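Annotated features, as they stand in TrEMBL:
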DOMAIN    56-88  domain '4Fe-4S ferredoxin-type'
BINDING   68, 71, 74, 118  [4Fe-4S] cluster 1 binding site
BINDING   78, 108, 111, 114  [4Fe-4S] cluster 2 binding site
DOMAIN    99-128  domain '4Fe-4S ferredoxin-type'
Ligand code: SF4
Ligand code: SF4
C-alpha cells in the first residue's frame, strides 16, 4: 500500500507550491488539447447504445397486442414500488392481459429489475432519457405512454437475448 506523505515530510519546492502549480497547469493544458466529449444538448442529442437503460416501456407486437400477460412479477420485484398492474382475462391465446398498467416515473430508479424478471420480454428499458413533468399526475405513465412498437425496441431485445 502506498504510504501517505505527511505535510512535515514535504521538501522545499513542494512547500512553496510553485512546482506543484506548474505541474497542475501542464496537466490542464494537456487535457485542453484532448478530444472533447461534451455535446451541445439539446441541439445535439445523445444516441444511446443498446446497453443503455432509459425509461421502462411495454412491448407492443406488430398485430397491436401488448406482450404483457399481467403476471405481476415486475410489480413484485420493483424495489421502488413504482409499478401497478391490474390483470384481466382475454379471448386471446395468452389468456390474461393488463387492464391497467402504470409506472410512476417519480419513483422509478431505472434499475432494470422489471426487465430482468419478465418471462415474456414484455417490459424493456428503452433509450428514452428525456423525462419532464410539471405535476405529479403527469409522472404516472399509463399504457398510452408505455406501449411502444416492437420495431423501435429491437436492438434492446437483441441485446437482452445476448447478455441477459
Ligand atoms: S426500472 Fe426498477 S424501479 Fe423502474 S419500474 Fe423497473 S423495477 Fe421499478
Ligand atoms: S411486464 Fe412482464 S413481468 Fe410485468 S406483468 Fe407483464 S408479463 Fe409480467
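Just so you know, glycine gets a Cβ as well, placed from its N, Cα and C.
All features noted in TrEMBL, drawn onto the structure.
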{"residue": "68", "record": "[4Fe-4S] cluster 1 binding site", "Cβ within 10 Å": "24"}
{"residue": "71", "record": "[4Fe-4S] cluster 1 binding site", "Cβ within 10 Å": "17"}
{"residue": "74", "record": "[4Fe-4S] cluster 1 binding site", "Cβ within 10 Å": "25"}
{"residue": "78", "record": "[4Fe-4S] cluster 2 binding site", "Cβ within 10 Å": "21"}
{"residue": "108", "record": "[4Fe-4S] cluster 2 binding site", "Cβ within 10 Å": "18"}
{"residue": "111", "record": "[4Fe-4S] cluster 2 binding site", "Cβ within 10 Å": "16"}
{"residue": "114", "record": "[4Fe-4S] cluster 2 binding site", "Cβ within 10 Å": "23"}
{"residue": "118", "record": "[4Fe-4S] cluster 1 binding site", "Cβ within 10 Å": "22"}
- Go through the binding-site residues 68, 71, 74 and tell me which ones have a CA within 10 A of the CA of residue 114 ([4Fe-4S] cluster 2 binding site). 74
- Message: Which one is it, among the binding-site residues 78, 108, 111, that lies nearest to residue 118 ([4Fe-4S] cluster 1 binding site) by Cα separation?
- Response: 78
- Using a Cβ cut-off of under 6 Å to any atom of ligand 1, determine which of the binding-site residues 68, 71, 111, 118 qualify. 111
- Note on the structure: Mean pLDDT across the domain '4Fe-4S ferredoxin-type' (99-128) comes out at 97
- Query: Nearest to residue 108 ([4Fe-4S] cluster 2 binding site) by Cα, among 68, 71, 74 (binding-site residues)?
  - Reply: 74
- Task: Determine, for the [4Fe-4S] cluster 2 site, the additional residues of the same chain whose CB lies within 8 Å of the mean position of the CB atoms of 78, 108, 111, 114; present them in sequence order.
- Result: 56, 74, 77, 79, 80, 82, 83, 103, 109, 110, 112, 113
- Query: Using Cα coordinates, what distance in whole Å links residue 74 ([4Fe-4S] cluster 1 binding site) and residue 111 ([4Fe-4S] cluster 2 binding site)?
  - Reply: 12
- Query: Beyond 68, 71, 74, 118, what residues of that chain have CB atoms within 8 A of the centre of the [4Fe-4S] cluster 1 site's CB atoms?
  - Reply: 69, 70, 72, 73, 75, 85, 114, 117, 119, 120, 122, 123
- Item | binding-site residues near ligand 2 among 71, 78, 108, 111 (Cβ under 6 Å) | 71
- Item | DSSP three-state assignment for residue 78 ([4Fe-4S] cluster 2 binding site) | coil
- Task: Using C-alpha atoms only, work out the spacing between residue 71 ([4Fe-4S] cluster 1 binding site) and residue 111 ([4Fe-4S] cluster 2 binding site) and round it to an integer in Å.
- Result: 20
- Item | Alpha-carbon spacing, residue 68 ([4Fe-4S] cluster 1 binding site) to residue 78 ([4Fe-4S] cluster 2 binding site), which is rounded to whole Å | 16
